[in-house]
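**Student:** One structure follows; several queries about it will come next.
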Amino acid sequence: MAKIIAFDEEARRGLEKGLNTLADAVKVTLGPKGRNVVLEKSWGAPTITNDGVSIAREIELEDPYEKIGAELVKEVAKKTDDVAGDGTTTATVLAQALVREGLRNVAAGSNPMGIKRGIELATAKVTEALLASAKEVETEEQIAATAGISAADPAIGEQIAKAMYAVGGGKLNKESVITVEESNTFGVDLEVTEGMRFDKGYISGYFATDMERLEAVLEDPYILLVSGKISNIKELLPLLEKVMQTGKPLLIIAEDVEGEALSTLVVNKIRGTFKSVAVKAPGFGDRRKAQLQDMAILTGSQVISEEVGLSLETADLPLLGRARKVVVTKDDTTIVEGAGDSAQIDGRVNQIRTEIENSDSEYDREKLQERLAKLSGGVAVIKVGAATEVELTERKHRIEDAVRNAKAAVEEGIVAGGGVALLQAAHVLANDLDLTGDEATGVKIVREALSAPLKQIALNAGLEAGVVADKVSHLPAGEGLNAATGEYVDLMAAGINDPVKVTRSALQNAASIAALFLTTEAVVADKPEPAAPAMPGADEMGGMGF
């Protein structure tokens, strides 16, 4: 395909125009009085949202240079969302401010490489100051406040905080997995799973012990884990007899249990001779093997597998795991208080953490995170309902962002919200970090841009942006504008805070993309295809001659 090329100022201005188009659409959503944006869908109802990254993803521009500029800023929003789960609009506003000031100076004759160096040094200094001023999250109320701001609903913030403590047994669990699911009811409900749950239920309904609730409850059972299929009862019989002598029930988790092995277990359960439940192992391939190994470590058992030289015929009671209780429904199985060795469980948890850090796939990371939570505490499910499909989609997305926001707060701490932390961190850039020339210009550009998020929040709240920024810059650290009420308060005390991870990620990603914009000397884009010629004799009625 033929290409078109733009150089110097033309190239940079084309990119900037695309950036501004996207940023102007996104920044109206910033702050407690931010507006919504309606996104048309190719099918179904439109989406109404105030989530920066969702809006950015939908914007496709026609001009090839503008399109590239918009794509670069989308990357800022996406990267910030991936790292911190929030702060996408703040990152976009910062990027726009940095690029606008930077291009003005480049057009006036400044050296882009000098400005880039100044921006990088200033960003590193401000990041350092933000991390130093961050306060550790210590209470459920602080998490509720942070998540509530992100979700724009204090009640949702409270549910998220409750979930993070519930899966840790009353303590804050940093590894907690909180999933958000759609519900047919109105409002937001929290469901906490104690222990390890996986989404496979009993193979036969005859295994149920509670016919009203259609679930099988096994108290203090033995747990048999098998990596292959079980179909021959002769293989299983010696082990079944040993378990029967103990008077304990048995949970069998295998790739499948079928044929005479399954029918024998069912018949013994119906007669009341022996209580057991057979369940298919979750997952496929290597992921199934890994989950079986997790269960083995959690319950103190050994996976019966030919790979390690173990077979069902020779299996003995010491190879079986134990748990205080197992609850099996038609859809899922929950193992409560497995009898595994705590040192081995900790070792497995650390191994999974390392795998998460080394994984490049978002999907793999998500699955590893779920395994980690099941081993180290439990899983909470927030069920969300709404009156319409549009509202449900928007609400679910907000809650998912708020969950990630709360986790970011627990990870690195919190700073004053409302754009105040960035503005007040600008004091570390006094004297231009003792730099000179274009590097000092780069520092000035960052110092100026740090007020942009606060100014936009004030603007969206109908206030005079310059006046607000000037007043906040003279207030004590941590005090600033509560845009919801228009009052100047101690933001941390009022529960208006942001995770420092969100704030620093927004600045770092915005600075990174701004440096790329300023040092761009040429843009190569696909040449637009010429429009197809009209059909001969076509008229206004669609070219069909009607």
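Every residue, even glycine, has its Cβ placed from backbone N, Cα and C.
Residues or ranges marked as ATP binding site by Swiss-Prot: THR29, LEU30, GLY31, PRO32, ASP86, GLY87, THR88, THR89, THR90, GLY418, ASN482, ALA483, ALA484, ASP498.
How about a rundown of where these features are and what they're close to?
**Tutor:** Under DSSP, THR29 (ATP binding site) is assigned to coil, being neither helix nor strand in the three-state scheme. Taking a C-beta cut-off of under 8 Å and a sequence gap of six or more, THR29 (ATP binding site) has these contacts in its own chain: ARG35, ASN36, VAL37, THR49, ASN50, ASP51, GLY52, ILE55, THR89.
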**Student:** Taking only same-chain residues 6+ apart in sequence, whose CB is under 8 Å from that of ALA484 (ATP binding site), what do you get?
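**Tutor:** Correct list: PRO32, LYS33, ALA461.
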**Student:** Looking only at THR29, LEU30, GLY31, PRO32, ASP86, GLY87, THR88, THR89, THR90, GLY418, ASN482, ALA483, ALA484, ASP498, the residues listed as binding ATP, what is the longest Cα to Cα distance in Å?
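**Tutor:** The widest Cα-Cα gap among those binding residues is 20 Å.
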**Student:** When a 10 Å sphere is centred on the Cβ of ASN482 (ATP binding site), how many other Cβ atoms does it contain?
**Tutor:** 18
